[in-house]
Each structure stands twice: as structure tokens, then as C-alpha cells.
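Straight from TrEMBL, the features:
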type	residues	note
BINDING	104, 105, 106, 107, 108, 109	NADP(+) binding site
DOMAIN	1-71	domain 'Glutamyl-tRNA reductase N-terminal'
DOMAIN	87-218	domain 'Quinate/shikimate 5-dehydrogenase/glutamyl-tRNA reductase'
DOMAIN	233-332	domain 'Tetrapyrrole biosynthesis glutamyl-tRNA reductase dimerisation'
SITE	14	site 'Important for activity'
């Protein structure tokens, strides 16, 4: 496994690239959007998605949809399964009417089952450690589920084997495949290993009439996709959206100062109204209310345009801290600003 750590703008750029499918092994694949959406839903459920993270991921989803709508990135790459099936037909001929054995019942395995069904595969068998989960996937494509310990037996009848379990070690070893091949002389087997680490012992490729395609081989097949014009278009979209998110972050940071300014204005209004009440005690309650409303309207109108404009200006990447300018112009107490600053408006992205 690889660990990447990015901060601030680089982290935003990385997430947006992932959402668009630019960093996928198969460029432009859209399944990643569902995974990002699911991750956000889980974070929201657990209460770990603050304002910045929520906005970041929501924008990432919008960027991904924009990339697929405004460009032909979908055509730049296909799903791992589709690319694998192209290799299968090169190895064993048309797969229409063939028998496929799928080991695993996760999202990729379910996608493989659906893709195989659309491709016209005659029989789909699902083997999974949790039989019930395998049965659900099988039912969705009109296939059949078998207990995991019958995988070797099913191999002898399969023309294609697709494996993606997420297991830490090998799921299919060379001896199993060799035993299956002895029961079917002259009949080739195509093995598509979509797991990382590998589910299938890579030595099966040395067996007679067995063709193995793994993620590395798929990556080689789609390498040219990264140089297509649609990829450059999506890269430009990502750059635009990264700048947009950076502007949103800057506008969020100035918001507490705007709140503090309005609070300070309210204090001044309240103080002056108290002073007016002392100087003009003859005013009745209705008159005092009318004066108070008039003063507040005047202050609100005076502050409206500057506060709206400062939020707009704060989005500019010119390096000016408009929050500092506001504090200086209106002599705002830094502690007053700090008191209305939510922790998540100060957090970065990593």
C-alpha cells in the first residue's frame, strides 16, 4: 500500500483529481464518485465532517460530475472490468455464452457481474466467504451463488475467473488452477485478478492454456489514455475549481471579523439609544421604538455594501488580509473576533 500526505491546496487538488478519475488506474472511471459520496455520508453520520471538509467533498463531487458532463473523459478510459474483458476476448474469443466464476462480492465484484451479464456471458457463479452476500450479488444478475469452499470445483467449469476479494493473502493458488485445468484438457481459462494485493498466485500464468491479467497489465493497456485531449480539459477544470475553493476558504476566514463588526455596531447603537433615552425622557415607548428602528436601519444599510464587498474581495488570491484591514479600520478588538471564530473556519485541509 502507498500513503500520500498532502496539505492545503495540494490536498484539494488531489481530491478533485481523484473525483474526476484522473488518478484512477483506468482514466475517467466514474465509480470513484460513489465511493467519495459514501465516505462523506459516513463522516456526516459519525459527526466528523466539519464545515470545511463538508464543503470540500461536496465540491469534489460537483467537480467530478462537471468533468464527466463537459468533457469526454468517460471515453478516455473504461472500467477495470471492461478493459479486462477486452483482454479476455483477445485470449479466449467471444465471451457470449461462456461461464464466469467471480470470487468476492464487494462493489467491484458486483460491477464485474453486471458487466459480464451485459456482455452476454451465459452463466455467472459467485463464490464468497459470506454466502448470503454472494447470493445477493448473484440474484442481481440472475446468477448462482456457491459456498466459498467450492471455488476449486467451480474453477473446472469456468471459462473466465474474476477475483477481487480484498484479502490480505492469496485466495486462488497455482495448485487449485492446475487441478481444474487437468479436468478440462484443451479448454482455455482466462483469469482477471483485480485485487491488490493479488488474489491469484501470479505463477498460474505459467500454466498451459491459462491467461492471467492483473491490475499492472491493465495499467499498461490504458497508459495512452492519460495523453488524450479530454484529460487536459479535465486538468484545466480541476485547476479552476481548486482556485474557486481557495477563494471560498478565504471568504470564510473573513466572516468572523464581519460578525464582530456588526456586533460592535449593535453595541454602539444600543449605547447611543440609552443616551438618547436619558436626554429625551419625554419620548413614549412607540417613539423610542421608531427611533431605534430608524437608527438600526441606517447602520445596517451603511454596513451592508462594505461587508458584502469585503467577502467578495477576500476571495481574491492577492495576499491581502481583508479581515486585518477591517479590524484596523474599525478598531475591532482581536479577542472579540476570536470569540466568534468557529474552530472549523480556521482548519486547513490535509
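Every residue, even glycine, has its Cβ placed from backbone N, Cα and C.
Here the structure is a predicted model, which means the values were calculated and not measured.
Annotated features, which come from TrEMBL, shown on the structure.
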residue	record	CB count, 10 Å
14	site 'Important for activity'	19
104	NADP(+) binding site	28
105	NADP(+) binding site	25
106	NADP(+) binding site	16
107	NADP(+) binding site	14
108	NADP(+) binding site	21
109	NADP(+) binding site	26
Counts of helix, strand and coil residues, the domain 'Glutamyl-tRNA reductase N-terminal' (1-71), according to DSSP: 49 helix, 0 strand, 22 coil
8 Å Cβ shell about 104, 105, 106, 107, 108, 109 centroid, NADP(+) site members excluded: 102, 110, 111, 112, 137, 164, 165, 166
Residue 14 (site 'Important for activity') to residue 107 (NADP(+) binding site) - Cα separation in whole Å: 23
Rounded mean pLDDT for the residues that make up the domain 'Tetrapyrrole biosynthesis glutamyl-tRNA reductase dimerisation' (233-332): 87
Secondary structure content of the domain 'Tetrapyrrole biosynthesis glutamyl-tRNA reductase dimerisation' (233-332), with strand meaning DSSP E or B: 85 helix, 0 strand, 15 coil
Per-state residue totals over the domain 'Quinate/shikimate 5-dehydrogenase/glutamyl-tRNA reductase' (87-218) - DSSP helix, strand, coil: 54 helix, 31 strand, 47 coil
